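As structure tokens, the structure follows; a few thoughts come after it.
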């Protein structure tokens, strides 16, 4: 009786874990949901979405982006913050669009060069 009881507890625990994992992933993968992104979260998200595109363009021209060349003189956080701060679209900056107001990942991608 105790062996089957322990087996039942383990099976229920695993089932609960799988259900919780599946439920959580559905909500975190939805990039269409507008979200406020500020500070380092905004900078990290921007770099994650746009950094590869900037590198490819730099390789085609034979040079890297000037901001990324100065990385040795600036801390990584300061470089990300400066890059995100100066991005403009229709007179509105990335902070106004995605921090002051909620924005989607698709909207954030419009700031990629």
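Glycine is treated like the rest: Cβ placed from N, Cα and C.
Residues or ranges marked as signal peptide by Swiss-Prot: 1-21.
Residues or ranges marked as 4-hydroxyproline in Swiss-Prot (evidence: similarity to another entry): 34 (among others). Taken residue by residue with DSSP, residue 34 (4-hydroxyproline) is part of neither helix nor strand, so it is coil. In this view, residue 34 (4-hydroxyproline) is surrounded by 13 other Cβ atoms within 10 Å of its Cβ, with every protein chain counted.
According to Swiss-Prot, the feature 4-carboxyglutamate maps to 41 (among others). Sequence-distant neighbours of residue 41 (4-carboxyglutamate) (same chain, 6+ apart, CB under 8 A from its CB) do not exist here.
Look at Swiss-Prot and you will find 51 tagged as histidine amide, backed by experimental evidence. Within 10 Å of the C-beta of residue 51 (histidine amide) we count 15 further C-beta atoms, all protein chains included.
In the three-state DSSP assignment, the secondary structure recorded for residue 96 (4-carboxyglutamate) is helix. According to Swiss-Prot, the 4-carboxyglutamate annotation covers 96 (among others).
Among the features that Swiss-Prot reports, disulfide bond is placed at 98-103, with the record citing similarity to another entry. Residue density at residue 103 (disulfide bond): 20 other Cβ atoms are found within 10 A of its Cβ, drawing on all protein chains shown.
Sequence annotations record features per position, and here Swiss-Prot assigns 4-hydroxyproline to 102 (among others). In sequence order, 34, 35, 36 constitute the residues six or more apart from residue 102 (4-hydroxyproline) in its chain with CB-CB distances below 8 Å.
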